[in-house]
Amino acid sequence: MERERSNFFFLFLFCSWVSMAQPTLSLSSDGQALLSLKRPSPSLFSSWDPQDQTPCSWYGITCSADNRVISVSIPDTFLNLSSIPDLSSLSSLQFLNLSSTNLSGPIPPSFGKLTHLRLLDLSSNSLSGPIPSELGRLSTLQFLILNANKLSGSIPSQISNLFALQVLCLQDNLLNGSIPSSFGSLVSLQQFRLGGNTNLGGPIPAQLGFLKNLTTLGFAASGLSGSIPSTFGNLVNLQTLALYDTEISGTIPPQLGLCSELRNLYLHMNKLTGSIPKELGKLQKITSLLLWGNSLSGVIPPEISNCSSLVVFDVSANDLTGDIPGDLGKLVWLEQLQLSDNMFTGQIPWELSNCSSLIALQLDKNKLSGSIPSQIGNLKSLQSFFLWENSISGTIPSSFGNCTDLVALDLSRNKLTGRIPEELFSLKRLSKLLLLGNSLSGGLPKSVAKCQSLVRLRVGENQLSGQIPKEIGELQNLVFLDLYMNHFSGGLPYEISNITVLELLDVHNNYITGDIPAQLGNLVNLEQLDLSRNSFTGNIPLSFGNLSYLNKLILNNNLLTGQIPKSIKNLQKLTLLDLSYNSLSGEIPQELGQVTSLTINLDLSYNTFTGNIPETFSDLTQLQSLDLSSNSLHGDIKVLGSLTSLASLNISCNNFSGPIPSTPFFKTISTTSYLQNTNLCHSLDGITCSSHTGQNNGVKSPKIVALTAVILASITIAILAAWLLILRNNHLYKTSQNSSSSPSTAEDFSYPWTFIPFQKLGITVNNIVTSLTDENVIGKGCSGIVYKAEIPNGDIVAVKKLWKTKDNNEEGESTIDSFAAEIQILGNIRHRNIVKLLGYCSNKSVKLLLYNYFPNGNLQQLLQGNRNLDWETRYKIAIGAAQGLAYLHHDCVPAILHRDVKCNNILLDSKYEAILADFGLAKLMMNSPNYHNAMSRVAGSYGYIAPEYGYTMNITEKSDVYSYGVVLLEILSGRSAVEPQIGDGLHIVEWVKKKMGTFEPALSVLDVKLQGLPDQIVQEMLQTLGIAMFCVNPSPVERPTMKEVVTLLMEVKCSPEEWGKTSQPLIKPSSS
């Protein structure tokens, strides 16, 4: 009995266990396969219960009547799978949608076993590797959507076996090769998109013209070349053809006129030539026709007016000629007509006023003549009208006052006459009124105050007269006020000071009199103030010290008196100060030397200043141009020797005395720079005047100068020869002393050292060598390892240990001497934007370079950190690096190539000034075995190497320019040259080009931390973006020099004439 009870108890436990285990064991194989999708994220999909018998009730899952999974649709979830699991057991699967699920790794070839699959959507992930050819087995597949991944390799030709395929989306990947011509067999295909694969090349197969079911064909932003196949005329169902930003050339095939369903034709930014086919006029349903940015010629065919549905017509930036067809006035749905930057002639057809839906009319940069038709006032929806740079004459029609939606009106650079119609100022939305460079006359009407929406009022270079109306001070939103080069008279109304948002005030070249209103000091946002070439009297207002954002102050050619106010020291953003041709007196204040931001120009000439040059001028190390001529200054000029960035100097017609500094700059400038300073003299050391030399207007005779130069050169050569001989003998002696010792290791520090400091250093070789430990490593690069070494006085220096160049036994005396000579050249370089080489020490095995230490790190660390780096700091770093590089290229003889310009080699001091490091070291390392196996390092670092190096193997100044352009793009975008998150792994140059080739605005390239800034700053950044793209031009010949780059960058903040231009920006965004 007891045994029976025991058996019953164990039977009960077994049955209980079976009943509990049964749900897990009964989950179907389909369910088991699906669970592998959530393995990295178990908390996902609470409804996916492994206790269920089937997954048919799970989220995103659909089953057939026999409980087989036929659909898996879980887009926009965070699966976070590093590889897609094997799902081939889902043999009934028809729909698989894993888009935007954070997948990576390759596409499994086993997907080719899912023979019932009708939809495969893996888009918007990080999938890599090739597209498996096995997908060509999916005979029932209708939708293959793999866009926005990192797929590489060529497009498998086996895809052409998918006869049921309707949608093929492969855009925005890294595919290469060409489009298989066999794709012409995909007769069911309706959408075919390949855009954004920049490495995809070759011609467009003519066979694609047989895919008569196509509605969308997109190959934009790729490397496709050749011509547009004429067979595309067979695509009678095509609605969108996007072939912009490619290498496509040739003519536009007239057969496209047969594509009767076409709505969008995007052929902009290509290399198309020839004329616009009149056959395009047959496209009755087309709404967007974008042909801008090609080399099209001929006229606009009048047949275009038959495109009755047209909304956007953009043929700007071509070579089109002839008249603008009046028949375009028939396009009643037209909203954007963009014909700018061509060679159109004739008059503006009045018929355009019939385009009642017109919002934007851009006719700028042509050769149009005649007057502006008064009927333009019929365009009640018009928001922008650009007509600048033509030859339009006559008056400005008062009918513009009827265009009540008008926001921007630019009629600059024409031949307009008459008055500015008061009706313009009744426009409640007008924010930009640009009338520069015409022959307008009369006064500026008081009614200007009615236009409260005005942000930019630019009427310079006309013949306007009378007083500037005080009512202008009521324009509370005005940012730019240009009244320069007119005939305005009377005083400058102090009411202008009420416009507290004003950033630019330019009234130069008028007849304005009286004192400069002290109230202008209330314009705390002012950045540029130009009152030059008027008849202002009195003192420079002390209140100008309040203008903390001012970067240009131009007051020359007036009747100003008194002294420079000491409050000038508060203008710490000032880059240009011109006070020349006035009657200013007294001493130049020491405070002026404290304005260390002065970089472009300081001009105090033709005044009556007395006293010495302030000692504080030694801090103006960024200043490029200084003019102190025609004053009554005296004393020595040794302080000018500290101005290491000077490119232009004039101190003539003063009473200076003593020696002329012996810096390289003073050795190269013309004697006219310091004429009529009878007590100036030349000097060998810059401290004392040379003996036995005559003085004539502060300049020695040419014979004496030549003789001095010869003597100096001879002494230098003799000293150098003696030094090299001693070095050679010491080396031979040390070598013989060590010849009997055991062979040294690769890092042997026991060899005798040679230590050459380039300035006084309180450090010994032992201090340096003992610091070369792993704990002190602060960086590794192409040229060597960098250590931090502490000097006994507490200072810190950076020590770079160069990679070994050759085997110790092979390194001869000539190699040592050559290295010493190269280092001597680098040690003589002095520039505020170049790291100073303090000295070097070497022995038979090791070479060490000593530099200043910069605790703020480098630009790469700054950009990739979490700091909100503002535009001013970025611009400061960009221009500092450019100035340093320009110095190496243009001011060093012979020129020095950097060879490795990158963010890691741009160090930052405590004030975030850019300091170039590692200049010229690549040349020293070219014999290194480390480089022998990676020669590309000699040309720079990955991501920064100029494209021509791949086929020329030559390095030039233009190679450095390309690398600098990449750095500039990194500064603007906040991204690295190559990183996974840049547009699917694209190089930053290609990423920017891709952005500019889509419908995204240029602003989308900029760092998100730079979004939402004032319009003027946005324009500065866009101009800088244009300069960067100029630098990374694929053709070295087309790139600027670094000196030109510096000038262009200076002009970003130097050109008030270009501020606020309402025309197309430097890089034109795609139209839409």
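Backbone N, Cα and C define each Cβ position, glycine as well.
Less than 8 angstroms from the CB of C56 (disulfide bond) sit T62, C63, N67, V69, each of them six or more residues away in the same chain. DSSP assigns C56 (disulfide bond) to coil, not to a helix or a strand. What Swiss-Prot lists as disulfide bond is C56-C63.
The Cβ of N80 (N-linked glycosylation site) lies under 8 Å from the Cβ of P40, S41, N102, each of which sits 6+ residues away along the same chain. DSSP assigns N80 (N-linked glycosylation site) to coil in the three-state reduction, outside any helix or strand. Residues or ranges marked as N-linked glycosylation site in Swiss-Prot: N80 (among others).
The Cβ of N97 (N-linked glycosylation site) lies under 8 Å from the Cβ of V72, S73, I74, P75, L119, D121, each of these being in the same chain and 6 or more residues away along the sequence. Here Swiss-Prot flags N97 (among others) as N-linked glycosylation site.
The feature N-linked glycosylation site is assigned by Swiss-Prot to N102 (among others), with sequence analysis given as support.
Per Swiss-Prot, the feature N-linked glycosylation site maps to N176 (among others). In the three-state DSSP scheme, N176 (N-linked glycosylation site) falls into the strand class.
Annotated N-linked glycosylation site per Swiss-Prot: N213 (among others), in sequence order. Cβ neighbour count for N213 (N-linked glycosylation site) (all protein chains, 10 Å cutoff from its Cβ): 15.
The Cβ neighbour count for N306 (N-linked glycosylation site), using a 10 Å radius over every protein chain in view, is 17. Annotation comment: Swiss-Prot describes N306 (among others) as N-linked glycosylation site.
Listed in sequence order, G329, K330, V332, N378 are the same-chain residues at least 6 apart in sequence whose CB falls under 8 Å from the CB of N354 (N-linked glycosylation site). Annotation source Swiss-Prot lists N-linked glycosylation site at N354 (among others).
The N-linked glycosylation site annotation in Swiss-Prot covers N402 (among others) and rests on sequence analysis. Around the Cβ of N402 (N-linked glycosylation site), the same chain contributes G377, N378, K380, each under 8 angstroms and 6 or more positions distant in sequence. For the recorded site, N402 (N-linked glycosylation site), the DSSP three-state label reads helix.
Under the heading N-linked glycosylation site, Swiss-Prot lists N498 (among others), citing sequence analysis as support. Secondary structure from DSSP puts N498 (N-linked glycosylation site) in a helix.
What Swiss-Prot records for N546 (among others) is N-linked glycosylation site. Residues near N546 (N-linked glycosylation site) in space but far in sequence (CB under 8 A, at least 6 apart, same chain), listed by position: G521, N522, V524, S567, N570.
Taking the Cβ of N650 (N-linked glycosylation site) as reference, residues of its chain lying under 8 Å away and at least six apart in sequence are, in sequence order, S605, L626, D627, L628, S629, T672, S673. Annotation comment: Swiss-Prot describes N650 (among others) as N-linked glycosylation site, evidence class sequence analysis.
The Cβ of N655 (N-linked glycosylation site) lies under 8 Å from the Cβ of S632, L633, H634, N677, N679, each on the same chain and at least six residues away in sequence. The N-linked glycosylation site annotation in Swiss-Prot covers N655 (among others).
What Swiss-Prot records for T764 (among others) is phosphothreonine. Taking the Cβ of T764 (phosphothreonine) as centre and 10 Å as the limit, one finds 14 other Cβ atoms among all the protein chains shown. In the three-state DSSP scheme, T764 (phosphothreonine) is classed as coil.
As annotated by Swiss-Prot, phosphoserine applies to S936, with the evidence given as similarity to another entry.
What Swiss-Prot lists as phosphothreonine is T952 (among others), and the listing cites similarity to another entry.
The predicted model assigns the repeat 'LRR 2' (90-113) a mean pLDDT of 95.
With respect to their backbone Cα atoms, N176 (N-linked glycosylation site) and N213 (N-linked glycosylation site) stand 26 Å from each other. Close to N498 (N-linked glycosylation site) in the fold, though at least 6 residues off in sequence, lie G473, E474, Q476, N522, each with a CB less than 8 Å from its CB. Helix, strand and coil counts from DSSP across the repeat 'LRR 9' (260-283) read 5 helix, 5 strand, 14 coil.
Taken residue by residue, the repeat 'LRR 23' (597-619) breaks down under DSSP into 5 helix, 7 strand, 11 coil. In terms of DSSP helix, strand and coil, the repeat 'LRR 12' (332-355) has 5 helix, 5 strand, 14 coil.
The separation of N213 (N-linked glycosylation site) from N306 (N-linked glycosylation site), Cα to Cα, is 26 Å.
Each residue contributes its Cα atom, and for N213 (N-linked glycosylation site) and T764 (phosphothreonine) these two points are 81 Å apart. Under DSSP, N213 (N-linked glycosylation site) is assigned to coil, being neither helix nor strand in the three-state scheme.
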